[in-house]
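Copied over from Swiss-Prot, here are the features:
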type	residues	note
BINDING	G171, G172, P173, G174, T175, G176, K177, T178	ATP binding site
Amino acid sequence: MLILLKKAVKLKIIRPIDFYFSQFIAQKNNIVMLVAACVSYESSRGYISLPIKYFEKHYFFSSSNEVFIKKILTLLEKKINWPVELLKHASIGNGGTSTPLVLHKKKIYLYKMWKSESNIFNYLYTKNKKNKINQKKCSKILENLFPQKNMSFQKIAVALTLINNITFIIGGPGTGKTTTILKIIIALIKSSKKSIKIQLSAPTGKATTHLNEILKNNIFDLYFSEKEKCSLPSTATTIHQLLGIQKISQKSFFNKSNCLDLDVLIIDEISMVDILMMEKILSSISKNTKLIFIGDHNQLGPIESGSILRKICYYANDGYSFKSMISIEKLTQYKLCKKINKKTTNFISDNICVLNKNYRFNKNSGIYTLSNAIFKKKTRIIESLFDNSIKNIFFYETNSSEQYKKMIKNICLNYEDFWEKIYKKATMKEIIESFQNYQVLCILHDGLFGVNIINKKLEENMYKKNIIKYFYIDGEEWYIGKPIMIINNNRALNVSNGNIGITNINKNGILQVSFLKENNTINNIPVKILRNYKTAWAITVHKSQGSEFMNTALILPNFNSHILNKDTLYTGITRSRKILSIFSDKKIFLNTIFKNTNKILF
């Protein structure tokens, strides 16, 4: 097994850390060595635990390399009773004592993952009390916010936040999550007898910028008195800033011994939050704080291990308990589908609302059609993409050097309006908005189809056409119109990770990068004081999360990568509001959708 796992590292099936962890756990026991490597590897892909069925059905490393799987099976005994064999080993326990791995309810965990999951679900079970509300008053508030007669899942979501102490609101792009946040804030303030402390937060600086836009919405003037406006939060903050997390130690200033003084905490883009961060959030708030989480569980998961939102959403289809159903019906005046959840996990499903209606894409939209087909694995619709039969979506093959060159030329043509605005000396706002209409997205950083080389190739093409002219500052290449993306939050310069600005020269001849802020003002930063940035003709899908563009180009690598999966593809596709160009090999595209990424069951 040792030799095989070493080979797996060379073949890039697993990471070096997965190999070393397996050796740390068990140097001689083939079964435990394999299990340790699998758990470590799959945790890096967002899975909190692995069911025993994963091993019984030989899904090792979610690999499609049949030769490699067969070699593993030859080393193992023909018939293995996995739970019995695992619990024989000293490094695996049942959670009663600290062991590197834990086997619990036919699932195997890293100890820290098991501990965090246990704490989170214990919190959901014990702390989610139902709030005593003025039903007549709350029902009237909901009626004012949602005057339409048709059933609105947004209304159900807002009702749940009034009833529950913890609520999870799930929805894809265009399902009205932003509108729902607005109406939640209005409903909570209007229903409260006193002034309340509300805080909005998100995992990234870019996402908090979006929340700050919500707080500046004029709709609050229509609903609130001057006294009620005092309950509006002044600004959104990142989760790290909110909890006072130290950069090196990762310890939180706020914790169970020093709780945040809040009545309501609303966290957006919760899909980016990993299981360990979720545990920190829950341990830092008081038992009376109302928690509202909002996100899309189909989007890319967190960079760190463990997609807790996906785990929680597993229970979404179970329906509401009878008690919750009655409460929702009384508040909303709706008649809900009588699918009553009698399971012991209804303390989770009672807190979930899935926003189903899409307000951004109508059902004839190409983006909606393709993204929906990908998750439902509708082969006929997906294959119709290849002959460009899906509205406003264009597929280009990238199997040859000639096709690659055409891709670069095609992309450059989409910047004609941007360059024209620069040459005609349009306002900086107009120039930035023109750039923001079109964005190139890549899956990877490196390689021929990664952001680093794509950015270089685009610059080379523009240089050959005399579109850009280089000059050097401190040995670095610059040119007018160069797009720059910030990669670290910088509060002193008022820029966030993911912000994109455009290089220009001001009236005094100083080279600067200009960023369009949420209030439509321009933030100009001289190049000489700018730090931590990258060229941004192309950015990764991960960096684009939370953004949207009218026109998007999505570039897939020319090989199967563990980073390229259905979630990445879905996230990339749904960044576009209207037009999408996909550059990919057909086989790679199909394999990304149909490969066995969902064999790991909760």
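Glycine residues also receive a Cβ, built from the backbone N, Cα and C atoms like all the rest.
Excluding the listed site residues G171, G172, P173, G174, T175, G176, K177, T178, the same chain places D296, L355, N358, Y359, R360 with Cβ atoms within 8 Å of the centre of the ATP site Cβ atoms.
Cβ neighbour count within 10 Å across all protein chains ranks P173 highest among the binding-site residues P173, G174. The binding-site residues in question are T175, T178, and the one with the fewest Cβ neighbours inside 10 Å is T178.
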